[in-house]
Structure formats: structure tokens, C-alpha cells
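So the structure is just underneath, and the comments pick up after that.
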Amino acid sequence: METAWLALLGLLLAGYFVLGGYDYGAQMLHPFLGDTRAERGSGRETGRSPALEAIAPFFLGNEVWLVAFAGVLFGAFPHLEGSLLPGLYPLIVAILAGLVLGNAAVQLRGRARGARGRRCWDALIVFGGALPALCWGCVLGLLLHGVPRRPDGTFHIGPGDVLTPFVLACGVTTALLFAAHGAAFVALRSAPELAAVARRRGAGLLRAAAAMGALPLLLTLFGAGAAMTNRMTSAVLAVLLAAALAGAWWWLTRGHHVRAFTATCCATALPVLLVGAGHYPYVLISPAGTGLTLGEAVTDDATLKILSVFGVVVIPVILAYQTWSWWAFRGRTGRRHPRYF
Amino acid sequence: MSAVDLARLQFAATTGIHWLFVILTMGLVPLVALMHTRAVFTRDPARRAVRERMTRFWGQLYVINYAVGIVTGLVMEFQFGLSWSGLSKFAGNVFGAPLALETLIAFFAESTFLGMWIFGWGRLHRGVHVTLIWLVALTAYASGFWILIANGFMQHPVGYAVRDGAAYLTDFAALLTNSSALVALAHITLAALTTGGVFLLGISAWHFARGTEETELFRGSLRLGTWVSMLASFFVVVIGQMQMPVIERTQPMKYAVLTDSGVAEVQRRLVAQHGPGDYVPPEGWIHLSMNTMSIIGNTVSTLTLVAVVLLWKDRLVRRRPMAYLMTAMIPFTFVASVGGWVVREVGRQPWLVYGRLTVEDALSHVSRSSLVFSCALFIAIFLALAATNWTLITRFAVRGPDATQLGATEPLPDDLPGSPGGGADDKQPVPAF
Ligand code: HDD
Ligand code: HEM
Ligand code: HEM
């Protein structure tokens, strides 16, 4: 049962990476995927942002995956949360600050009175996409590499732990990956002209992400990177990740939007799987290779049973209505859509 | 300030600000849902158009507020782990369950459905669309329920047993029927409805005082707001009194401070029970907040009763001072409810989990310097958000229904008579249907 809850936790985090990932990507890219009509020289600034319109109906439903992740982390793995969050304090605070600003900016941008106010919100939107993406990448890097745990189970990261080539490279790779993912989503959901622009940007970003991603891989091979518990599984996952990146690039350059987006979805979800499956049965390791095991992190049996009773009912329902919302808004964006953000 | 004080300040300030958004969300969403339902079931096209505009106008104010409420909520979710890891060590087995269920049951649905409601104008079947807003309302209250179950456990722990210094859940039903949580939930629901009702009442009255042309729209809102706030504010006072016996039973010290009798005696008893220490919470704060809440509660209750009588033949809004008085009530409901929380939370000191875990023991091992930084950062961001939120709400409330963006599509070039004359004021009058 603990493993099932770990899988659920992984599902929520992976769901957040996939869904939140394209939000952040679209946020980062939105000034570069501008209003195509304005570019054509009608001369009038409309304040529209097609990239944001593409993510708009899903935006609120996407961000909540993170909330659910945090909730389940606290409910089912209180001991992991109690050591993870204070340990990663600076990174978590940065992520939250970025999220808060970016989230508010996306929702309030449309309320701005003039072009000036809108530009302010625009800057915040980019910032609020880039900072969480970068920091989540660093968190992944740290989890892969192992954290400096003390004997009493607590740990603290300092600048020395984050500013290592491996962790930083993971951060930058993730940010690039999210941006590419966002581009693939915009390509999928926008009118043809914009889709073409998004495709070009996305392909470029994927190349950059692959190039950057080679660095952590090399570092790991030379022993200065990730310290995986399950070497084989991790290697397989890493190969899959590379394949997903390559596939995304291949399909994107050839204009197969659905396949390209599927591939970037896999590419954003796989790092989570890598942390989970690569370290199993540990949920948190130190570079020495030992760490907090699943059994130590999980909540008491009685609580887990109650949570499971609810979970069995609630989780399929959640998946059903989220799918319904994707289905209801599956069309390409156009000007006859209610636009609000 | 010590690390504990900083963590407290951070928690209190962030929850307090979060609450300012939440109370309006919880107060407005049932009213918006009601308006939307009425619009959907109106046959006469002209009246239906008015009611639909009414829904979109108030709905937009609600959505602006919700946007900021969510992002502050995001931070809240991480606060327990960030600063109070002692809480998850001691009570994680019990306390975590309601929080996890809150996110899975309530927030997921609330956010997804609200997203669909915002973008569903003219795209979804009317019946489905109106069901969505009711689901949002339901889940907003569901999240209030679960968070109060968690909070109720801190106020009056039940349904658990302590083994090796950690609490284990033994009786889930007892946790869910905690009197301290349920009475609070009733009081909060009514407080929220009071706030929402006064909000409607105040803004509509203001528009009348300014000689609005949308009389039909604002008359409807005025009536709804007046009735809701009158009923809710009456019962908020009643339930407020009903909390006292619960407090007397569960938290003798808070009761002693509130009634100003026998504090020293309770202190002696608690020392005998829990060992030496100071068990008296800051009395000045509690008295001040309690008095603020009661005075505002009774005043609002009286004024809205008068307002209901004056609704007859629009007397309420014929004279400006009376109308402006209604508008002036809006901020006070928020003040009262923050006061209520200060009574509840400060009155619980020095305990985090009443009688079991003190606040000092629950603090994470986070360095003081990082707390100073995060505290300053979060408070600054939250205050900026609050200011933005209230500015935007005021702006859109003042502009009136013409400026509503919710549910509007961009006018196509051929819809426009000539050039729109610059995008400074982007009104979008063409609705989606
Ligand atoms: C519009 C807001 C509002 C108004 C007018 C009132 N309250 Fe209140 N009160 C709240 C909003 C609120 C609240 C924010 O919703 C609290 C905080 C925690 C809670 O359960 O409800 C609260 C808490 C609270 C508590 C503390 C409960 C505890 O410590 O467990 C008491 C004793 C009262 N209230 C009593 C009253 C009385 C006697 C009122 C009227 C005369 C009154 N309240 C009006
Ligand atoms: C939104 C309304 C709320 C307000 C305005 C509020 C206010 C406060 C205040 C003023 C304090 C500081 C007390 C002191 O140091 O003297 C505090 C602390 C705290 N509150 Fe709340 N609170 C609210 C809701 C909640 C809820 C719903 C929970 C739990 C589910 C909660 C959990 C805590 C915790 C863990 C602390 C820190 C420990 C402590 O100082 O007692 N609060 N809150
Ligand atoms: C005083 C009691 C509280 C009540 C009644 C309450 C209720 C609500 C409601 C109704 C919302 C919906 C959004 C909005 O209203 O703006 C919300 C948002 C949120 N609240 Fe609170 N809340 C309280 C305190 C807290 C605390 C202490 C936490 C920390 C665990 C928290 C976590 C959240 C989160 C994460 C969201 C965002 C949910 C989303 O993304 O949809 N809340 N809260």
C-alpha cells in the first residue's frame, strides 16, 4: 500500500510537471509568440497574447496538481515532508514566490488598464514561469545527487549544494525542456500561423535542452553527478528520456503536433519517474547512498487506510473531470472564444 | 525577534491575508451561483439578459478575488512543512489526512470547474454551465470544512492516541465531528455570507447613489444582498454566542480570558497538569479582537435589519447618506472576521495542539536568517497582492457592468463600427451568445 501511495505521489508530481510544465513554458515564451496580427502591421496593439490564450482554460486546473502533491505529501508522507521542505527551504521559497507572482499575473493581466500595466504583468509572467522551472530542475538535481542528511534526519542546503555544475545543469535543462514543452502545446492549440512560429521555437529549444542535458549525464558517468540506487532502471529511464527528446524534435520539425506534444509530455514526466524509481525504496538519499526509506517516511497504517478509502473513489473522479475539461476545450483557439486572461 | 516569533508572524500574516480573500470568495460564490441559476431559468429574454449581465458583473469581481486567493493558498499549503515540521512529526498522522483530503476532494474540483466556468460562456450547455458554478460553490465550502477539521484538531484534539511521542489516528469519525470544528464552520459560513451580502448591498447602493442607469440590475443585487446579509448577520451573532459553551468545555484558559474571570485559577490548574509554564495567552489582543468582532457584528446586524425595512419602495437608496453608509459597511465585515481569527488562534497560545504540543517545540530547524528573508518576502508579496486585488475590485466595481470582461469575446473587426479608438480602455461589449 505504501508503494501505491508513492506511485500516486509520483503521479501527482509528474502530472504537475507535465501540465504545469507547459504553463511555465508558454509563460516564458509568450512575448516571443506575440500577436501575429500586430506583427503584420495593422499597427494597433491589441493586448492579446495567443500563447496565454492557448493555456487559459486549463491554467487553474493545472496548478492544482501541485497543491494536491503538497497535500498528499503532508497527508501520506508527513516524515518526508518534515525533512524535505525545511531542508530545501531557499529553493521552495523561491519556487513559491515565482509561482505566486506568475499565477497572479496570468490571471490579472487582462485586467490591466493600458499597455504599460500590461507590460509589467508580462514581465512578471515570464519571471513566474522561468523561476519555478529553474528551481524545480535544481530540486530534481539535488534529489538525484543526494542531499547532505545529518544523522538526525534533517538537512539544509546552502549555496554550495545548489551551485554545483550538476545541479545547475539540471535546472537549466528543465527550464529549457519546459519551454520546449510549452511551445509544443501552443503549436498544438493555435491557429496555423502561430503554430508555425511555435514549432520553430520549440525545435530550437529541444536542441538546446538536449545539449544542456548531456552535461548532467556526462557528470554522472564520471562520478560527479547522480548517485542512483537502481542503476539499471535509471539507465533505461535516461535512454527513454533521450528518445522522447529526439522524438519530440523529429515530429515537431515535421509538423506532427499531437505526436510531438505527446513526446514532450513523456520527456517532462520521466525525470519524476527517474527520481522515484531510480532511488526506490529510498525516497530521499544522501550522496553516500543511504537515506530515508519509504517505510520510514509513510504515515501510520490507520491513517493510510482511511486515505485509501477516499483515494479509491476520489482519484478516478478527478481524472475523469480533468479529462472532461480537456475534452471540452480541445479545439484550437480562435477569436470567437471567450477570452479572459 | 526570535525564530519562533518570526515563524508565527509569517504564518499569521499569510493566513490572515489568505483569509481576507477566502471570506469574500466563500461569500460571493453562492450568490453568483444563485444569480446564474435565476438567469438560466428566466424565460423573458430582456430580463434574462439583465440577469446574465448581473451574473457576469458579480462573477468577474468574484473571479478577480479568487485569482489572488488561490495563489496565497498555494503558499499556505507549504507553510506547515516549511516552518512547523514539529507539527508534522507529532501530529502528521492525524493532521495530514484532512489536509490531503482537502486538496484531493475540494481544490482539484474547485479549480478545474472554475476554469471551465470562466471559459465556458457560450461554449457549454447552459445547464452544464450553471451546474459548474454550483460545484465550485460546493467545493469552496468543502475546502472550508476540511481546513477547519485540521484547525479544530489543533484547538481541541480528538480521535487520537499518543505512542512514543507521536499522535496516531484512532477514531476518524470523532475527528470529523469535532465540536470545535463544526461550530466554527457554521460561524464561518455565516460570516462569509454576511461579507458577501454586505458586499453586494454596498456596491449596489453606491451605484444608486451615483445615479446608475442599470437600475434593474442593481435593484436585484441590492435586494439579494440586503436579505442575505440581514439573515446571515443575525445568525452569525447567535452562533457566535453558541461557541462560548464549546470553548468553556475545551479551552478553559481561553474562556477565562474571554470572560475575564478566574485566569489565575486556571493557570494554577494548568501548571498542576502540564508542569511549570505560562499558560496565559496575550489578554490585550484577545479582548481587543473580541470587542471589535462583537461591536461590528451587532452593528451590521442592526443596520441590515433597518435596510431590509427600507428596501420597500427603494427608500434605502433614495437618500445618499444612507446609501453611502451601506457602502461604508463593506470593510468592517473583513475586520470583524480577522478579529475572530485572532481570538481563536491567539487564544490557543502557547499551544499549537491544545494541551499536547507547544508552539516552541513545533518549529522547524530553519535558520533565523532564512526566516527573516522569507517572512519579509512573503509578507511583501502578499500585501502587494492584497493591494492589487482591492484596487482591481474597486475599479471594476466602480466601472459597472459595461466593463465586464468575463464571458465576453473579442469583437470581430466587422462587428466594430469604425475604428475603436485605441486600446486604452478595452471594453468588450459583445457577449458570446
Ligand atoms: C463577519 C464576520 C464575523 C462577525 C460579525 C462575528 N464573527 Fe465571530 N468569528 C468570525 C467572524 C465573525 C470568524 C472569522 O469566522 C471566526 C474565526 C474562527 C471562527 O471559527 O470564526 C470567529 C470566531 C469567533 C469566536 C472564537 C471561537 C474560538 O475561539 O474557538 C467567538 C467566541 C466568536 N467568533 C463570537 C462572536 C460573537 C459573539 C459575535 C457577535 C456579536 C461574532 N462572533 C461576530
Ligand atoms: C484564516 C484565518 C486564520 C488567521 C487569521 C489565523 C491567525 C493566526 C495567528 C494570529 C497566529 C499567531 C498566534 C500567536 O503567535 O499568538 C496563528 C498561528 C497559527 N495558526 Fe492560524 N489563523 C488562521 C487559520 C488557521 C488555520 C485554518 C490553521 C490550520 C489548519 C491555522 C494554523 C496555525 C498554525 C499552525 C499557527 C502557528 C503556531 C502558532 O503560533 O500557534 N491557522 N494563526
Ligand atoms: C481559515 C481557514 C481557511 C479557509 C476557510 C480556507 C478556504 C479556502 C477556500 C474557500 C479556497 C478557495 C480559493 C479562494 O477562496 O480564494 C482556498 C484556497 C486555498 N487554501 Fe485556504 N482556507 C483557509 C486557510 C488555509 C490554510 C491554513 C491553508 C494551508 C494548508 C490553506 C490552503 C489553501 C490552498 C492551497 C488554496 C488554493 C487551492 C486551489 O489552488 O484551488 N488554506 N482556501
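Every residue, even glycine, has its Cβ placed from backbone N, Cα and C.
Keep in mind the model is a prediction, meaning the values are calculated, not measured.
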Which listed span TrEMBL calls transmembrane segment, if the choices are A:30-52, A:260-282: A:260-282
Positions whose Cβ lies under 8 angstroms from the transmembrane segment (A:88-108), at least six residues beyond its ends: 23-24, 27, 52, 59, 63, 66, 121-122, 124-125, 127-132, 135-136, 138-139, 142, 147, 156-157, 162, 341
For the transmembrane segment (A:234-253), distant same-chain residues with Cβ under 8 A (at least six beyond the ends): 177, 180, 183-184, 187, 199, 202-203, 206-207, 209-210, 213, 217, 226, 228, 259-260, 263-264, 266-267, 270-271, 273-274, 277-278
Recorded stretch that, among A:120-146, A:166-188, A:302-329, has the most CB pairs under 8 Å to the transmembrane segment (A:260-282): A:166-188
For the transmembrane segment (A:302-329), sequence-distant contacts whose Cβ falls under 8 Å of one of its Cβ atoms, 6 or more beyond its ends: 1-2, 4-5, 8, 57-58, 61, 75-76
Long-range neighbours of the transmembrane segment (A:120-146), counting only residues six or more past its ends (CB under 8 A): 17, 20-21, 23-28, 30-31, 49, 52, 88, 91, 94-95, 97-106, 108-109, 112, 157, 161-162, 164, 166-175, 178-179, 182, 216, 225-228, 271-272, 274-275, 278-279, 284-289, 291
